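So the structure is just underneath, and the comments pick up after that.
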Amino acid sequence: MASVAKARSPKSTQSNSLVYDLLVLSRFTKYNPLFTIFAGGMFLFVASFPTTAFSCLLAGSTLVGNGSDVTLTWVFRQTALCLSACYSFCGAGMVWNDWIDRDIDANVARTKDRPLASGRVTTTQAMLWMVFQMAVSWWLLHFMLDGKDVNNHMLPVVIGSFLYPFGKRPICSKFYFYPQYILGFTIAWPAVPGRTAIFHGQETFAESVQACMPLLNMVFFWTIFLNTAYSYQDVVDDRKMGVNSFYNVLGKHVHLLLCLLLVPVAVCVPMYLNQFHSTWLWVSWAGVWALSLLRQITRFDEKNPASGGSLHVDNFLLGAWTVVACTIELLMRYYS
């Protein structure tokens, strides 16, 4: 029996290694996919985690309480379905991005050890894993929305995720088109299914999109801000290889660019929160975001590209806190 176990151990080890590499490929070993669920379960998309969470929880807060038939259990169930769908789709998008970028990643110090760039995962394995995650995401959305308008919610992010890695190519810079545009859209979009998860029987798809516009715009510019700061870590290698990125717009004036990106965020947050008439949200969301983003912009040092990495962590914590704030708002509305 011992000899049989020994004979099987290399294959078992190889299988475990592949499973781990697939999880790494989808960034499931990191917090990155959680950005996609912030806006929607407020559906992201999170950038994404916060986007989804923000949209779904606050939509639910407008319906609970005052004798309403809408229960906390149902709102939390819809939010969980939204978050799971976003998380799974984000993982699929990461696989596609790394497959397209595998040759570029192999020549960048920070990314050369990624599963596809290093050859630990084959193209066939990666594509099967990607399709599986997309199928799971579609099924979860179908279940959450009772089969209504599922393709309307999926198609925009499918197209965006497909185009995103191509936006990094040098030819796109000639048209002033940068991958951060697509990333911002795909992370912001989950706000729509997040709201629809709650209102799908009460408003049309177009009405849900319109209601989410302030949140969509806020998350769009917030995502470009945090991704520009984070990607700036690779500025030296990216410029050597001619990688197209948003921080090349103003060259050495990246700090000014980041400040400008926060202007629409500062405008859209009040526009979105105004509909809820909640002092708690003004303090816990608008107030905390103002202090955090001001702190981030003062800490960023364009002469030290590594400083962008810490901003990524700060924004994840900011999104996570806002999910907590939205949950508290929901509970206060329900028990008031």
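Cβ coordinates come from backbone N, Cα and C, glycine included.
What Swiss-Prot says about this one:
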type: TRANSMEM; residues: 34-54; note: transmembrane segment
type: CARBOHYD; residues: ASN66; note: N-linked glycosylation site
type: TRANSMEM; residues: 80-100; note: transmembrane segment
type: TRANSMEM; residues: 125-145; note: transmembrane segment
type: TRANSMEM; residues: 181-201; note: transmembrane segment
type: TRANSMEM; residues: 205-225; note: transmembrane segment
type: TRANSMEM; residues: 253-273; note: transmembrane segment
type: TRANSMEM; residues: 274-294; note: transmembrane segment
type: TRANSMEM; residues: 311-331; note: transmembrane segment
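The Cβ neighbour count for the residue listed as 'N-linked glycosylation site', using a 10 Å radius over every protein chain in view, is 8. Residues 214-215, 217-218, 221-222, 224-225, 228-229, 232, 246-247, 281-282, 285-286, 289-290, 293, 297, 300, 302 of the same chain, all 6+ positions outside the transmembrane segment (253-273), place their C-beta atoms under 8 angstroms from a C-beta of that stretch.
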